[in-house]
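Okay, so here's the structure we're looking at.
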Amino acid sequence: MDIRTVLKDNFLQYSSYVIKDRAIASVVDGFKPVQRRIIHSLFEMHDGNFHKVANVVGNTMKYHPHGDTSIYEALVNIANKDLFIEKQGNFGNLFTGDPASASRYIECRLTPLAFDVLYSKEITIYESSYDGRNNEPLLYPAKIPVILIQGSEGIAVGMAAKILPHNFNEILNAVKSELLGESYDIYPDFPTGGIVDVNEYADGNGKVLVRAKIETIDEKTIVIRELPFGETTESLISSIEKAIRKNYIKVSSINDFTAENVAIELSLPRGVYASEVIEKLYHYTNCQISISVNLLLLSERYPVVYTIKDLIKFHAAHLQKILKMELELQKSKILEKIFYKTLEQIFIEKKIYKLLETISKEENILSIILSEVLRHKESFSREVLKEDVENLLKIPIRKISLFDIDKNSKDIKILNKELKSINSNISSIRGYSINFIDLLLAKYSKEHQRKTKISLIKSKNVKEIATKNMKVYLNLAEGFAGTSLFDGEFIGNASYYDKILVFRENSYVLKNIEDKTFIDKKNVCALVYDINNSKEQIFSIIYFNRLDNFYYVKRFKIDKFITDKVYEFLGENDEFVDFSLNPEFVEFSTNKDIVKRIEIDNFMVKSRSSIGKRISSNNLKKVKFK
(Lines of atoms letter the chains of each structure in order from A and count residues from 1; the text may use other names and numbers.)
(Lines give C-alpha, C1' and ligand atoms only; values in the text may rest on other atoms or scores of the structure.)
Protein backbone atom coordinates (compact mmCIF):
# COMPACT_ATOMS: atom_id res chain seq x y z
CA MET A 1 0.00 0.00 0.00
CA ASP A 2 1.23 3.50 -0.86
CA ILE A 3 2.60 5.39 2.16
CA ARG A 4 0.52 8.45 1.24
CA THR A 5 -2.67 6.39 1.36
CA VAL A 6 -1.70 4.95 4.74
CA LEU A 7 -0.94 8.40 6.17
CA LYS A 8 -4.16 9.87 4.76
CA ASP A 9 -6.33 7.07 6.17
CA ASN A 10 -4.67 7.15 9.57
CA PHE A 11 -4.79 10.94 9.78
CA LEU A 12 -8.51 10.94 8.98
CA GLN A 13 -9.13 8.30 11.63
CA TYR A 14 -7.07 10.19 14.18
CA SER A 15 -8.65 13.58 13.48
CA SER A 16 -12.15 12.08 13.55
CA TYR A 17 -11.36 10.36 16.86
CA VAL A 18 -10.00 13.55 18.47
CA ILE A 19 -13.03 15.57 17.36
CA LYS A 20 -15.66 13.02 18.37
CA ASP A 21 -14.11 11.28 21.38
CA ARG A 22 -11.69 13.69 23.04
CA ALA A 23 -11.84 17.44 22.51
CA ILE A 24 -15.35 18.65 21.63
CA ALA A 25 -18.35 18.53 23.98
CA SER A 26 -21.85 17.36 23.07
CA VAL A 27 -24.70 19.80 22.50
CA VAL A 28 -27.06 17.48 24.43
CA ASP A 29 -25.37 17.06 27.82
CA GLY A 30 -22.42 19.47 27.49
CA PHE A 31 -19.84 16.82 28.37
CA LYS A 32 -16.72 15.52 26.70
CA PRO A 33 -16.38 11.70 26.91
CA VAL A 34 -14.02 11.77 29.92
CA GLN A 35 -16.37 14.07 31.83
CA ARG A 36 -19.38 11.88 31.01
CA ARG A 37 -17.52 8.79 32.22
CA ILE A 38 -16.58 10.48 35.50
CA ILE A 39 -20.21 11.42 36.16
CA HIS A 40 -21.29 7.87 35.24
CA SER A 41 -18.78 6.42 37.73
CA LEU A 42 -20.07 8.71 40.47
CA PHE A 43 -23.65 7.63 39.74
CA GLU A 44 -22.50 4.00 39.94
CA MET A 45 -20.69 4.54 43.23
CA HIS A 46 -23.31 6.79 44.81
CA ASP A 47 -24.33 5.84 48.33
CA GLY A 48 -24.72 9.30 49.81
CA ASN A 49 -21.17 9.36 51.20
CA PHE A 50 -18.02 11.04 49.94
CA HIS A 51 -15.64 8.87 47.91
CA LYS A 52 -11.88 9.14 47.58
CA VAL A 53 -11.08 10.75 44.25
CA ALA A 54 -8.50 8.00 43.73
CA ASN A 55 -11.32 5.42 43.87
CA VAL A 56 -13.47 7.43 41.46
CA VAL A 57 -10.53 7.71 39.06
CA GLY A 58 -9.91 3.97 39.33
CA ASN A 59 -13.54 3.14 38.63
CA THR A 60 -13.63 5.54 35.67
CA MET A 61 -10.67 3.75 34.10
CA LYS A 62 -13.07 0.89 33.31
CA TYR A 63 -14.60 3.25 30.74
CA HIS A 64 -11.78 5.62 29.79
CA PRO A 65 -8.68 4.16 28.09
CA HIS A 66 -6.32 7.13 28.61
CA GLY A 67 -4.76 6.79 32.03
CA ASP A 68 -5.47 8.13 35.48
CA THR A 69 -3.88 11.59 35.11
CA SER A 70 -6.32 12.81 32.46
CA ILE A 71 -9.26 11.50 34.52
CA TYR A 72 -8.00 13.15 37.72
CA GLU A 73 -7.45 16.52 36.02
CA ALA A 74 -10.88 16.38 34.35
CA LEU A 75 -12.57 15.50 37.67
CA VAL A 76 -10.90 18.42 39.47
CA ASN A 77 -11.93 20.71 36.60
CA ILE A 78 -15.60 19.62 36.78
CA ALA A 79 -15.62 19.83 40.58
CA ASN A 80 -14.35 23.41 40.48
CA LYS A 81 -17.35 24.39 38.35
CA ASP A 82 -19.42 23.87 41.56
CA LEU A 83 -22.32 22.38 39.65
CA PHE A 84 -22.48 18.56 39.72
CA ILE A 85 -19.68 17.48 42.07
CA GLU A 86 -19.48 18.33 45.76
CA LYS A 87 -15.89 18.66 47.02
CA GLN A 88 -14.20 17.74 50.28
CA GLY A 89 -10.55 18.64 50.71
CA ASN A 90 -8.13 20.79 48.73
CA PHE A 91 -9.24 20.93 45.09
CA GLY A 92 -6.85 23.77 44.33
CA ASN A 93 -7.41 27.51 44.31
CA LEU A 94 -9.13 29.09 41.32
CA PHE A 95 -7.68 32.49 42.21
CA THR A 96 -4.04 31.64 42.89
CA GLY A 97 -3.73 28.71 40.49
CA ASP A 98 -2.51 26.40 43.27
CA PRO A 99 -3.04 22.74 42.25
CA ALA A 100 -5.35 20.25 43.96
CA SER A 101 -4.01 17.75 46.48
CA ALA A 102 -3.21 14.21 45.37
CA SER A 103 -6.25 12.06 44.57
CA ARG A 104 -5.77 9.93 47.71
CA TYR A 105 -6.29 12.95 49.96
CA ILE A 106 -9.45 14.50 48.48
CA GLU A 107 -13.03 13.26 48.26
CA CYS A 108 -16.13 13.99 46.22
CA ARG A 109 -19.73 13.01 45.58
CA LEU A 110 -22.56 14.07 43.30
CA THR A 111 -24.71 17.08 44.13
CA PRO A 112 -28.52 16.87 44.27
CA LEU A 113 -28.58 18.97 41.07
CA ALA A 114 -26.88 16.12 39.18
CA PHE A 115 -29.76 13.81 40.10
CA ASP A 116 -32.36 16.47 39.29
CA VAL A 117 -31.14 17.30 35.78
CA LEU A 118 -28.89 14.44 34.58
CA TYR A 119 -29.90 11.13 36.13
CA SER A 120 -32.69 9.26 34.39
CA LYS A 121 -31.40 5.73 33.99
CA GLU A 122 -34.44 4.27 32.25
CA ILE A 123 -34.39 6.74 29.36
CA THR A 124 -30.58 6.96 29.06
CA ILE A 125 -29.13 5.11 26.07
CA TYR A 126 -26.10 2.98 26.94
CA GLU A 127 -23.33 1.58 24.77
CA SER A 128 -20.48 -0.85 25.35
CA SER A 129 -17.28 0.52 26.84
CA TYR A 130 -14.02 0.43 24.89
CA ASP A 131 -13.24 -3.17 25.97
CA GLY A 132 -16.81 -4.48 25.80
CA ARG A 133 -16.90 -5.43 29.49
CA ASN A 134 -19.15 -2.62 30.71
CA ASN A 135 -21.87 -0.27 29.53
CA GLU A 136 -21.59 3.50 29.62
CA PRO A 137 -24.05 6.27 28.68
CA LEU A 138 -23.95 7.42 25.08
CA LEU A 139 -25.33 10.79 26.26
CA TYR A 140 -27.06 12.00 29.40
CA PRO A 141 -30.64 13.27 28.94
CA ALA A 142 -29.72 16.67 30.40
CA LYS A 143 -32.67 18.89 31.26
CA ILE A 144 -30.66 22.14 31.27
CA PRO A 145 -28.05 23.64 28.86
CA VAL A 146 -25.04 22.35 30.81
CA ILE A 147 -22.60 23.53 28.15
CA LEU A 148 -23.63 27.18 28.55
CA ILE A 149 -23.48 27.06 32.34
CA GLN A 150 -20.13 25.26 32.64
CA GLY A 151 -18.45 26.50 29.49
CA SER A 152 -15.95 24.39 27.59
CA GLU A 153 -12.67 24.60 25.74
CA GLY A 154 -11.11 22.13 23.35
CA ILE A 155 -8.65 21.97 20.47
CA ALA A 156 -9.16 19.30 17.81
CA VAL A 157 -7.66 18.77 14.37
CA GLY A 158 -8.47 21.82 12.27
CA MET A 159 -10.98 23.26 14.73
CA ALA A 160 -11.28 24.63 18.25
CA ALA A 161 -14.09 25.33 20.69
CA LYS A 162 -14.12 28.16 23.21
CA ILE A 163 -17.39 28.46 25.12
CA LEU A 164 -17.61 30.84 28.07
CA PRO A 165 -19.51 30.01 31.28
CA HIS A 166 -22.85 31.70 31.92
CA ASN A 167 -25.02 32.26 34.97
CA PHE A 168 -27.19 29.29 36.04
CA ASN A 169 -30.23 31.44 36.88
CA GLU A 170 -30.01 33.50 33.69
CA ILE A 171 -29.72 30.40 31.48
CA LEU A 172 -32.76 28.76 33.09
CA ASN A 173 -34.73 31.99 32.82
CA ALA A 174 -33.75 32.18 29.14
CA VAL A 175 -35.08 28.65 28.53
CA LYS A 176 -38.26 29.68 30.34
CA SER A 177 -38.53 32.82 28.18
CA GLU A 178 -38.07 30.69 25.05
CA LEU A 179 -40.93 28.43 26.17
CA LEU A 180 -43.09 31.50 26.82
CA GLY A 181 -42.13 33.12 23.52
CA GLU A 182 -40.47 36.08 25.25
CA SER A 183 -37.22 37.83 24.29
CA TYR A 184 -34.00 37.40 26.27
CA ASP A 185 -30.28 38.18 26.20
CA ILE A 186 -27.55 35.95 27.60
CA TYR A 187 -24.04 37.09 28.51
CA PRO A 188 -21.07 35.36 30.21
CA ASP A 189 -20.63 35.14 33.97
CA PHE A 190 -17.20 34.15 35.29
CA PRO A 191 -16.35 32.41 38.58
CA THR A 192 -13.53 34.92 39.10
CA GLY A 193 -15.90 37.90 38.83
CA GLY A 194 -14.48 40.96 37.10
CA ILE A 195 -16.07 43.27 34.55
CA VAL A 196 -17.08 42.22 31.03
CA ASP A 197 -17.88 44.25 27.91
CA VAL A 198 -20.22 42.19 25.70
CA ASN A 199 -20.66 44.65 22.80
CA GLU A 200 -18.91 42.27 20.40
CA TYR A 201 -20.14 38.97 21.89
CA ALA A 202 -22.13 38.24 18.69
CA ASP A 203 -24.48 35.71 20.33
CA GLY A 204 -21.61 33.50 21.46
CA ASN A 205 -19.30 33.67 18.43
CA GLY A 206 -17.54 37.02 18.77
CA LYS A 207 -15.32 38.26 21.58
CA VAL A 208 -15.56 39.88 24.99
CA LEU A 209 -13.34 42.36 26.79
CA VAL A 210 -12.74 41.36 30.42
CA ARG A 211 -11.27 43.55 33.16
CA ALA A 212 -10.12 43.02 36.71
CA LYS A 213 -12.04 44.86 39.40
CA ILE A 214 -9.68 47.49 40.80
CA GLU A 215 -10.33 49.63 43.88
CA THR A 216 -8.51 52.74 45.06
CA ILE A 217 -7.85 52.73 48.82
CA ASP A 218 -6.15 56.13 48.63
CA GLU A 219 -4.17 58.04 46.00
CA LYS A 220 -1.10 55.90 46.75
CA THR A 221 -2.69 52.44 47.15
CA ILE A 222 -4.53 50.29 44.60
CA VAL A 223 -6.13 46.89 45.36
CA ILE A 224 -7.19 44.35 42.71
CA ARG A 225 -10.31 42.60 44.07
CA GLU A 226 -11.45 40.39 41.16
CA LEU A 227 -9.59 38.74 38.28
CA PRO A 228 -10.26 38.54 34.55
CA PHE A 229 -11.47 35.07 33.48
CA GLY A 230 -8.58 32.67 32.93
CA GLU A 231 -6.09 34.69 34.98
CA THR A 232 -4.62 33.80 38.37
CA THR A 233 -3.02 36.09 40.92
CA GLU A 234 0.35 34.66 39.90
CA SER A 235 -0.11 35.33 36.18
CA LEU A 236 -1.54 38.79 36.86
CA ILE A 237 1.32 39.80 39.17
CA SER A 238 3.80 38.47 36.60
CA SER A 239 2.27 40.71 33.91
CA ILE A 240 2.44 43.72 36.27
CA GLU A 241 6.10 43.03 37.04
CA LYS A 242 6.82 42.79 33.31
CA ALA A 243 5.19 46.19 32.74
CA ILE A 244 7.26 47.65 35.58
CA ARG A 245 10.49 46.32 34.07
CA LYS A 246 9.58 47.91 30.73
CA ASN A 247 8.95 51.21 32.56
CA TYR A 248 5.31 51.34 31.41
CA ILE A 249 4.05 51.78 34.96
CA LYS A 250 5.66 52.73 38.27
CA VAL A 251 4.86 50.66 41.38
CA SER A 252 6.96 50.62 44.54
CA SER A 253 5.68 47.30 45.94
CA ILE A 254 3.24 44.45 45.19
CA ASN A 255 1.67 42.43 48.03
CA ASP A 256 -0.60 39.43 47.45
CA PHE A 257 -3.05 39.00 50.35
CA THR A 258 -5.33 36.60 48.46
CA ALA A 259 -7.08 33.95 50.57
CA GLU A 260 -10.79 33.26 50.11
CA ASN A 261 -11.02 36.47 48.10
CA VAL A 262 -8.58 38.16 45.74
CA ALA A 263 -6.54 41.01 47.23
CA ILE A 264 -3.46 42.20 45.32
CA GLU A 265 -2.21 45.48 46.81
CA LEU A 266 -0.08 47.87 44.75
CA SER A 267 1.77 50.69 46.52
CA LEU A 268 2.80 53.67 44.39
CA PRO A 269 6.02 55.74 44.62
CA ARG A 270 6.34 59.51 45.06
CA GLY A 271 4.93 61.56 42.23
CA VAL A 272 2.73 58.72 40.95
CA TYR A 273 -1.01 58.59 41.68
CA ALA A 274 -3.68 55.90 41.50
CA SER A 275 -5.84 57.67 38.90
CA GLU A 276 -3.08 57.61 36.28
CA VAL A 277 -1.86 54.07 37.07
CA ILE A 278 -5.21 52.23 36.84
CA GLU A 279 -5.68 52.98 33.12
CA LYS A 280 -2.12 51.84 32.46
CA LEU A 281 -2.76 48.59 34.34
CA TYR A 282 -5.61 47.86 31.94
CA HIS A 283 -3.47 48.59 28.88
CA TYR A 284 -0.08 47.17 29.79
CA THR A 285 -0.97 44.16 31.99
CA ASN A 286 -3.41 41.26 32.08
CA CYS A 287 -5.81 43.35 34.15
CA GLN A 288 -7.64 43.64 30.82
CA ILE A 289 -7.81 40.82 28.27
CA SER A 290 -9.81 40.06 25.15
CA ILE A 291 -11.33 36.57 24.79
CA SER A 292 -12.49 35.28 21.41
CA VAL A 293 -15.23 32.65 21.51
CA ASN A 294 -16.38 29.89 19.17
CA LEU A 295 -19.51 27.92 20.04
CA LEU A 296 -18.50 24.62 18.44
CA LEU A 297 -20.28 21.45 19.65
CA LEU A 298 -21.01 17.90 18.55
CA SER A 299 -24.51 17.22 17.27
CA GLU A 300 -25.16 13.58 16.39
CA ARG A 301 -21.38 13.05 16.27
CA TYR A 302 -20.79 15.93 13.83
CA PRO A 303 -19.19 19.31 14.72
CA VAL A 304 -21.62 22.24 14.42
CA VAL A 305 -21.17 25.94 15.23
CA TYR A 306 -24.16 27.23 17.21
CA THR A 307 -25.29 30.58 18.58
CA ILE A 308 -26.51 31.14 22.13
CA LYS A 309 -30.09 31.45 20.93
CA ASP A 310 -29.74 28.25 18.87
CA LEU A 311 -28.75 26.40 22.04
CA ILE A 312 -31.53 27.90 24.14
CA LYS A 313 -34.10 26.89 21.49
CA PHE A 314 -32.60 23.41 21.24
CA HIS A 315 -32.69 22.87 25.01
CA ALA A 316 -36.21 24.29 25.38
CA ALA A 317 -37.39 21.63 22.92
CA HIS A 318 -35.08 19.00 24.44
CA LEU A 319 -36.42 19.68 27.96
CA GLN A 320 -39.99 19.10 26.79
CA LYS A 321 -38.92 15.91 25.01
CA ILE A 322 -37.12 14.48 28.08
CA LEU A 323 -39.88 15.43 30.52
CA LYS A 324 -42.48 13.89 28.21
CA MET A 325 -40.45 10.66 28.03
CA GLU A 326 -40.25 10.57 31.83
CA LEU A 327 -43.98 11.23 32.14
CA GLU A 328 -44.76 8.49 29.63
CA LEU A 329 -42.54 6.14 31.64
CA GLN A 330 -44.35 7.08 34.86
CA LYS A 331 -47.66 6.62 33.08
CA SER A 332 -46.76 3.11 31.92
CA LYS A 333 -45.66 2.18 35.46
CA ILE A 334 -48.90 3.47 37.00
CA LEU A 335 -50.99 1.73 34.34
CA GLU A 336 -49.13 -1.48 35.17
CA LYS A 337 -49.83 -1.00 38.87
CA ILE A 338 -53.52 -0.33 38.20
CA PHE A 339 -53.66 -3.34 35.89
CA TYR A 340 -52.14 -5.72 38.40
CA LYS A 341 -54.16 -4.40 41.37
CA THR A 342 -57.35 -4.74 39.29
CA LEU A 343 -56.34 -8.22 38.16
CA GLU A 344 -55.53 -9.24 41.72
CA GLN A 345 -58.82 -7.86 43.05
CA ILE A 346 -60.90 -9.66 40.42
CA PHE A 347 -58.97 -12.89 41.05
CA ILE A 348 -59.77 -12.72 44.76
CA GLU A 349 -63.11 -10.84 44.81
CA LYS A 350 -64.67 -13.11 42.15
CA LYS A 351 -63.19 -16.14 43.95
CA ILE A 352 -61.46 -17.32 40.78
CA TYR A 353 -58.73 -18.78 42.99
CA LYS A 354 -61.22 -21.39 44.25
CA LEU A 355 -61.20 -23.00 40.80
CA LEU A 356 -57.78 -24.34 41.71
CA GLU A 357 -59.54 -26.84 43.99
CA THR A 358 -61.50 -28.31 41.05
CA ILE A 359 -58.71 -28.59 38.46
CA SER A 360 -57.20 -32.06 38.39
CA LYS A 361 -54.53 -31.60 35.72
CA GLU A 362 -51.69 -29.12 36.24
CA GLU A 363 -51.35 -28.34 32.53
CA ASN A 364 -54.92 -27.00 32.50
CA ILE A 365 -54.49 -24.53 35.34
CA LEU A 366 -53.20 -21.58 33.28
CA SER A 367 -55.78 -21.87 30.51
CA ILE A 368 -58.74 -22.29 32.88
CA ILE A 369 -57.75 -19.37 35.13
CA LEU A 370 -56.96 -17.18 32.08
CA SER A 371 -60.32 -17.87 30.46
CA GLU A 372 -62.10 -17.05 33.71
CA VAL A 373 -60.14 -13.80 34.13
CA LEU A 374 -60.87 -12.78 30.54
CA ARG A 375 -64.58 -12.73 31.33
CA HIS A 376 -63.74 -9.37 33.00
CA LYS A 377 -61.41 -8.06 30.28
CA GLU A 378 -63.25 -4.72 30.06
CA SER A 379 -61.79 -3.92 33.49
CA PHE A 380 -58.21 -4.13 32.23
CA SER A 381 -56.10 -1.47 30.49
CA ARG A 382 -54.21 -4.02 28.44
CA GLU A 383 -54.32 -7.63 27.32
CA VAL A 384 -53.96 -10.27 30.06
CA LEU A 385 -51.00 -12.54 29.35
CA LYS A 386 -50.07 -15.98 30.65
CA GLU A 387 -47.23 -14.35 32.61
CA ASP A 388 -49.82 -12.28 34.48
CA VAL A 389 -51.74 -15.44 35.42
CA GLU A 390 -48.53 -17.06 36.61
CA ASN A 391 -48.01 -14.08 38.95
CA LEU A 392 -51.54 -14.57 40.29
CA LEU A 393 -50.84 -18.21 41.04
CA LYS A 394 -47.84 -17.15 43.13
CA ILE A 395 -50.01 -15.18 45.59
CA PRO A 396 -49.78 -16.86 49.03
CA ILE A 397 -52.98 -18.17 50.64
CA ARG A 398 -52.28 -15.93 53.63
CA LYS A 399 -52.37 -12.80 51.43
CA ILE A 400 -55.61 -13.97 49.79
CA SER A 401 -57.26 -14.49 53.18
CA LEU A 402 -56.13 -11.05 54.42
CA PHE A 403 -56.87 -9.19 51.16
CA ASP A 404 -58.67 -5.88 51.82
CA ILE A 405 -60.91 -5.08 48.84
CA ASP A 406 -61.78 -1.59 50.09
CA LYS A 407 -58.12 -0.64 50.59
CA ASN A 408 -57.21 -2.01 47.17
CA SER A 409 -60.05 -0.01 45.57
CA LYS A 410 -58.79 3.14 47.30
CA ASP A 411 -55.26 2.45 46.05
CA ILE A 412 -56.58 2.09 42.50
CA LYS A 413 -58.49 5.35 42.90
CA ILE A 414 -55.33 7.15 44.05
CA LEU A 415 -53.38 5.69 41.14
CA ASN A 416 -56.08 6.82 38.68
CA LYS A 417 -55.83 10.31 40.15
CA GLU A 418 -52.05 10.26 39.58
CA LEU A 419 -52.63 8.98 36.07
CA LYS A 420 -55.02 11.83 35.36
CA SER A 421 -52.42 14.34 36.58
CA ILE A 422 -49.73 12.75 34.40
CA ASN A 423 -52.00 12.81 31.34
CA SER A 424 -52.73 16.46 32.04
CA ASN A 425 -48.99 17.22 32.24
CA ILE A 426 -48.34 15.35 28.99
CA SER A 427 -51.06 17.29 27.19
CA SER A 428 -49.64 20.60 28.49
CA ILE A 429 -45.96 19.69 28.39
CA ARG A 430 -44.87 23.30 27.82
CA GLY A 431 -46.48 24.48 31.05
CA TYR A 432 -45.11 21.44 32.88
CA SER A 433 -41.60 22.30 31.60
CA ILE A 434 -41.94 25.90 32.79
CA ASN A 435 -43.03 24.64 36.21
CA PHE A 436 -40.00 22.31 36.28
CA ILE A 437 -37.67 25.28 35.65
CA ASP A 438 -39.40 27.30 38.38
CA LEU A 439 -38.83 24.45 40.85
CA LEU A 440 -35.12 24.30 39.93
CA LEU A 441 -34.78 28.07 40.37
CA ALA A 442 -36.55 27.98 43.72
CA LYS A 443 -34.21 25.23 44.89
CA TYR A 444 -30.84 26.41 43.54
CA SER A 445 -30.99 30.09 42.55
CA LYS A 446 -29.45 31.38 45.80
CA GLU A 447 -26.29 29.35 45.13
CA HIS A 448 -25.76 30.86 41.68
CA GLN A 449 -25.82 34.66 41.89
CA ARG A 450 -24.09 36.63 39.11
CA LYS A 451 -20.43 37.39 39.87
CA THR A 452 -19.35 39.34 36.78
CA LYS A 453 -20.53 42.89 36.18
CA ILE A 454 -21.63 43.75 32.63
CA SER A 455 -20.40 47.20 31.60
CA LEU A 456 -19.33 49.20 28.56
CA ILE A 457 -15.54 49.47 28.75
CA LYS A 458 -14.25 52.72 27.27
CA SER A 459 -10.59 52.10 26.63
CA LYS A 460 -8.22 54.97 26.05
CA ASN A 461 -5.77 54.81 23.19
CA VAL A 462 -2.53 53.32 24.47
CA LYS A 463 -0.67 56.35 23.08
CA GLU A 464 -2.74 58.64 25.28
CA ILE A 465 -1.64 56.99 28.51
CA ALA A 466 1.97 56.24 27.58
CA THR A 467 4.43 57.34 30.26
CA LYS A 468 7.07 59.87 29.26
CA ASN A 469 9.84 57.84 30.83
CA MET A 470 12.67 58.64 28.37
CA LYS A 471 14.94 61.71 28.46
CA VAL A 472 15.98 62.84 24.97
CA TYR A 473 19.22 64.71 24.26
CA LEU A 474 20.49 66.54 21.16
CA ASN A 475 23.97 67.29 19.85
CA LEU A 476 23.17 69.55 16.89
CA ALA A 477 26.79 70.16 15.97
CA GLU A 478 27.62 66.45 15.69
CA GLY A 479 24.21 65.57 14.23
CA PHE A 480 23.10 63.06 16.88
CA ALA A 481 19.98 62.71 19.06
CA GLY A 482 18.87 60.00 21.51
CA THR A 483 18.37 58.85 25.08
CA SER A 484 22.02 57.90 25.73
CA LEU A 485 23.56 61.11 24.36
CA PHE A 486 24.44 62.64 27.71
CA ASP A 487 26.95 65.15 26.30
CA GLY A 488 24.14 66.82 24.37
CA GLU A 489 21.42 69.31 25.24
CA PHE A 490 18.30 67.98 26.97
CA ILE A 491 15.32 68.63 24.66
CA GLY A 492 12.47 66.90 26.51
CA ASN A 493 10.86 63.80 28.01
CA ALA A 494 9.28 61.30 25.64
CA SER A 495 7.22 58.11 25.62
CA TYR A 496 7.80 55.03 23.49
CA TYR A 497 5.33 56.39 20.91
CA ASP A 498 6.81 59.90 20.56
CA LYS A 499 9.23 60.88 17.75
CA ILE A 500 12.20 63.16 17.16
CA LEU A 501 11.19 65.92 14.72
CA VAL A 502 14.22 67.18 12.76
CA PHE A 503 13.95 70.48 10.83
CA ARG A 504 16.36 71.18 7.99
CA GLU A 505 16.43 74.35 5.86
CA ASN A 506 13.90 73.12 3.32
CA SER A 507 12.44 69.90 4.79
CA TYR A 508 11.65 67.94 7.93
CA VAL A 509 11.74 64.27 8.96
CA LEU A 510 10.41 62.33 11.98
CA LYS A 511 12.53 59.57 13.47
CA ASN A 512 12.05 56.93 16.17
CA ILE A 513 13.62 57.69 19.52
CA GLU A 514 16.58 55.38 20.09
CA ASP A 515 19.70 55.32 22.24
CA LYS A 516 21.66 57.27 19.61
CA THR A 517 20.40 58.28 16.17
CA PHE A 518 22.29 60.18 13.46
CA ILE A 519 20.08 63.02 12.22
CA ASP A 520 22.58 64.82 9.93
CA LYS A 521 24.64 67.91 10.71
CA LYS A 522 22.79 70.35 8.46
CA ASN A 523 19.80 70.88 10.72
CA VAL A 524 17.99 73.98 11.90
CA CYS A 525 16.67 72.33 15.05
CA ALA A 526 15.38 69.05 16.52
CA LEU A 527 12.65 68.56 19.10
CA VAL A 528 10.45 65.88 20.68
CA TYR A 529 7.24 65.35 18.71
CA ASP A 530 4.50 64.46 21.23
CA ILE A 531 2.28 61.92 19.50
CA ASN A 532 -0.78 63.17 21.39
CA ASN A 533 -0.31 66.95 21.49
CA SER A 534 2.06 68.00 18.70
CA LYS A 535 -0.54 67.45 15.99
CA GLU A 536 -1.98 70.84 16.93
CA GLN A 537 1.43 72.55 17.08
CA ILE A 538 1.88 75.28 14.44
CA PHE A 539 5.31 75.55 12.83
CA SER A 540 6.25 78.95 11.38
CA ILE A 541 8.84 79.50 8.60
CA ILE A 542 10.21 82.70 7.00
CA TYR A 543 11.74 82.19 3.58
CA PHE A 544 13.04 84.34 0.69
CA ASN A 545 11.99 83.67 -2.89
CA ARG A 546 14.89 84.33 -5.28
CA LEU A 547 12.63 84.76 -8.33
CA ASP A 548 10.62 87.74 -7.08
CA ASN A 549 13.00 88.87 -4.28
CA PHE A 550 10.26 88.91 -1.64
CA TYR A 551 10.06 87.44 1.87
CA TYR A 552 7.23 85.06 2.81
CA VAL A 553 5.79 83.51 5.98
CA LYS A 554 4.48 79.95 5.87
CA ARG A 555 2.61 78.33 8.79
CA PHE A 556 1.57 74.65 8.88
CA LYS A 557 0.83 71.68 11.15
CA ILE A 558 2.28 68.17 11.08
CA ASP A 559 -0.64 65.85 11.81
CA LYS A 560 0.17 62.96 9.47
CA PHE A 561 3.52 61.45 8.67
CA ILE A 562 5.51 58.34 7.87
CA THR A 563 8.56 57.74 10.04
CA ASP A 564 11.89 58.43 8.27
CA LYS A 565 10.19 59.97 5.23
CA VAL A 566 11.54 63.41 4.21
CA TYR A 567 8.86 66.08 3.73
CA GLU A 568 9.87 69.24 1.83
CA PHE A 569 8.21 72.54 2.73
CA LEU A 570 10.33 74.91 0.52
CA GLY A 571 10.87 74.88 -3.23
CA GLU A 572 14.21 74.96 -5.09
CA ASN A 573 13.99 78.78 -5.54
CA ASP A 574 13.23 79.36 -1.86
CA GLU A 575 15.84 80.23 0.71
CA PHE A 576 15.31 79.47 4.42
CA VAL A 577 15.46 82.54 6.71
CA ASP A 578 13.97 81.79 10.14
CA PHE A 579 12.01 79.16 12.07
CA SER A 580 9.89 79.42 15.24
CA LEU A 581 7.34 77.38 17.19
CA ASN A 582 5.38 80.09 18.97
CA PRO A 583 6.23 83.56 17.62
CA GLU A 584 4.11 86.59 18.42
CA PHE A 585 5.26 88.88 15.60
CA VAL A 586 7.11 89.00 12.32
CA GLU A 587 9.64 91.84 12.62
CA PHE A 588 11.28 93.37 9.54
CA SER A 589 13.27 96.47 8.54
CA THR A 590 13.10 98.35 5.25
CA ASN A 591 15.93 99.86 3.22
CA LYS A 592 15.22 103.10 5.05
CA ASP A 593 15.89 101.30 8.37
CA ILE A 594 12.27 101.55 9.42
CA VAL A 595 11.41 98.61 11.71
CA LYS A 596 7.88 97.22 11.54
CA ARG A 597 5.96 94.37 13.14
CA ILE A 598 3.04 92.25 11.94
CA GLU A 599 1.13 90.02 14.36
CA ILE A 600 1.58 86.34 13.57
CA ASP A 601 -2.19 85.76 13.45
CA ASN A 602 -2.31 87.78 10.23
CA PHE A 603 -0.69 84.81 8.52
CA MET A 604 -3.04 81.87 7.92
CA VAL A 605 -2.18 78.26 8.74
CA LYS A 606 -2.01 76.25 5.52
CA SER A 607 -0.45 73.02 4.32
CA ARG A 608 3.33 72.52 4.19
CA SER A 609 3.31 72.48 0.35
CA SER A 610 1.31 75.71 -0.06
CA ILE A 611 2.83 79.11 -0.92
CA GLY A 612 3.39 81.38 2.07
CA LYS A 613 2.02 84.90 2.51
CA ARG A 614 4.23 87.76 1.34
CA ILE A 615 5.33 90.05 4.18
CA SER A 616 5.67 93.35 2.26
CA SER A 617 5.78 94.66 -1.30
CA ASN A 618 8.88 96.68 -0.42
CA ASN A 619 12.42 95.44 -0.49
CA LEU A 620 13.43 94.44 3.04
CA LYS A 621 16.80 94.33 4.68
CA LYS A 622 16.13 92.00 7.64
CA VAL A 623 13.25 89.73 8.62
CA LYS A 624 12.86 87.56 11.75
CA PHE A 625 10.36 86.19 14.27
CA LYS A 626 9.81 87.79 17.64
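Heads up, the Cβ atoms here are built off N, Cα and C, so glycines get one too.
Per Swiss-Prot, the features are as follows:
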ACT_SITE  TYR105  active site, O-(5'-phospho-DNA)-tyrosine intermediate
DOMAIN    24-439  domain 'Topo IIA-type catalytic'
SITE      LYS32  site 'Interaction with DNA'
SITE      HIS64  site 'Interaction with DNA'
SITE      HIS66  site 'Interaction with DNA'
SITE      ARG104  site 'Transition state stabilizer'
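In this structure, the recorded sites LYS32, HIS64, HIS66, ARG104 were compared by how many other Cβ atoms lie within 10 Å of their Cβ, and the smallest count belongs to ARG104. In this structure, the CA atom of TYR105 (active site, O-(5'-phospho-DNA)-tyrosine intermediate) is 26 Å away from the CA atom of LYS32 (site 'Interaction with DNA'). Here the CA atom of LYS32 (site 'Interaction with DNA') lies 14 Å from the CA atom of HIS66 (site 'Interaction with DNA'). In this structure, the CA atom of HIS64 (site 'Interaction with DNA') is 11 Å away from the CA atom of LYS32 (site 'Interaction with DNA'). Rounded to a whole number, the distance between the Cα atoms of LYS32 (site 'Interaction with DNA') and ARG104 (site 'Transition state stabilizer') is 24 Å.
When averaged over the domain 'Topo IIA-type catalytic' (24-439), pLDDT in the model lands at 92.
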